[in-house]
Amino acid sequence: MSRKQAAKSRPGSGSRKAEAERKRDERAARRALAKERRNRPESGGGGGCEEEFVSFANQLQALGLKLREVPGDGNCLFRALGDQLEGHSRNHLKHRQETVDYMIKQREDFEPFVEDDIPFEKHVASLAKPGTFAGNDAIVAFARNHQLNVVIHQLNAPLWQIRGTEKSSVRELHIAYRYGEHYDSVRRINDNSEAPAHLQTDFQMLHQDESNKREKIKTKGMDSEDDLRDEVEDAVQKVCNATGCSDFNLIVQNLEAENYNIESAIIAVLRMNQGKRNNAEENLEPSGRVLKQCGPLWEEGGSGARIFGNQGLNEGRTENNKAQASPSEENKANKNQLAKVTNKQRREQQWMEKKKRQEERHRHKALESRGSHRDNNRSEAEANTQVTLVKTFAALNI
């Protein structure tokens, strides 16, 4: 038996060989990553890539995520997808070959997207070689082969979701596309493990927010018009109840003149009514004025006094005094009525404001309790499935 055969027959030799290959692959990955960092082009005279990396990291941090870098050795796409799928990138060659095999089986789906001057056989043969850069066709093939969705993060751009199946609630793999040529894996901000990533984009929240915004924009105009009409009708009714005036146009004119101040409108309407009553009283000619116009007839010693006695004279004077006193007494009564109306209106307005504040507090409490209940349900669902929801501001589906 030769030495090689003896070495192969020893127990544990296979595991040691696999361990050695794994370490060799890791060293090659570290060297490729260092070389890729040194050879990255610096746009704008230097520091451009570092600035892009910092901006990208801040963008992901706002979503509770971070970059897990993989070497830029031409295998970065399959390394990033493998890290998401398995928790490490050591099986990138296997993922590459499986993707190429799927593209060959589904040739009619992928051949139209190959460049015209390159035959399909040559394209897939080149893609099967380690270190060959893979593009969108490989991502689509990988997603369909594994029946999952791939979400691509880019700097200052919406998320791209490549759907590998039409099923809902399927697994998602999140990768980052940087520098126009490199892919990295995306992880939770505190995830340093070698476990598979479980990230799920909250597209439902995004669509719900968009529909809510459209509904608010649609109903805002109608609600504002209805509210304004209700407020005007309510103000007119209050002025009508306080003054007894049934002239709708007159009340509206006074409300507009007083800038819809209900108390000022009530005072204005009462003054106008008082002026109308004064004019009517002047046109009726009070009895005192008639007595005065009769002149000597009712004076002492006149014909009326001799015929009816001084009683008629006293009655005429009394009636005249009543007529003279009535305007001042009526003014006092109107002032008292105005004070009562104003106080009543003020109390009613205070009661309405208090009721409105109570309704506002009740609505806030209901919204808070509903939001806390929804957050509790979501936290329970995350704890059961161990999936991290990724918020997003915009998304594009492929």
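Each residue, glycine too, has its Cβ placed from N, Cα and C.
It should be emphasised that the depicted structure is a prediction, and the values quoted were computed from it without experimental measurement.
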Scan K66, K391 for the residue that Swiss-Prot records as N6-acetyllysine. K66
For which of S9, S89, S169, S224 does Swiss-Prot record the feature phosphoserine? S224
Which residue range, 81-86, 117-122, 177-182, 183-188, is the one Swiss-Prot calls region 'His-loop'? 177-182
Pick from 127-137, 193-203, 237-247: which range does Swiss-Prot record as region 'Variable-loop'? 127-137
According to Swiss-Prot, of the residues K167, K216, K220, K356, the one annotated as N6-acetyllysine is K220
Range annotated as region 'Cys-loop' - as stated in Swiss-Prot, picked from 70-76, 252-258, 294-300: 70-76
Have a look at K276, K322, K344 and find the one that Swiss-Prot tags as N6-acetyllysine. K322
Cα-Cα distance linking K122 (N6-acetyllysine) and K129 (N6-acetyllysine), given in Å to the nearest integer: 11
Mean pLDDT across the region 'Variable-loop' (127-137), rounded to an integer, is what? 94
Rounded inter-Cα distance in Å - C76 (active site, nucleophile), K66 (N6-acetyllysine): 17
Candidates K66, K122: member of the modified residues with the richest Cβ shell (10 Å): K66
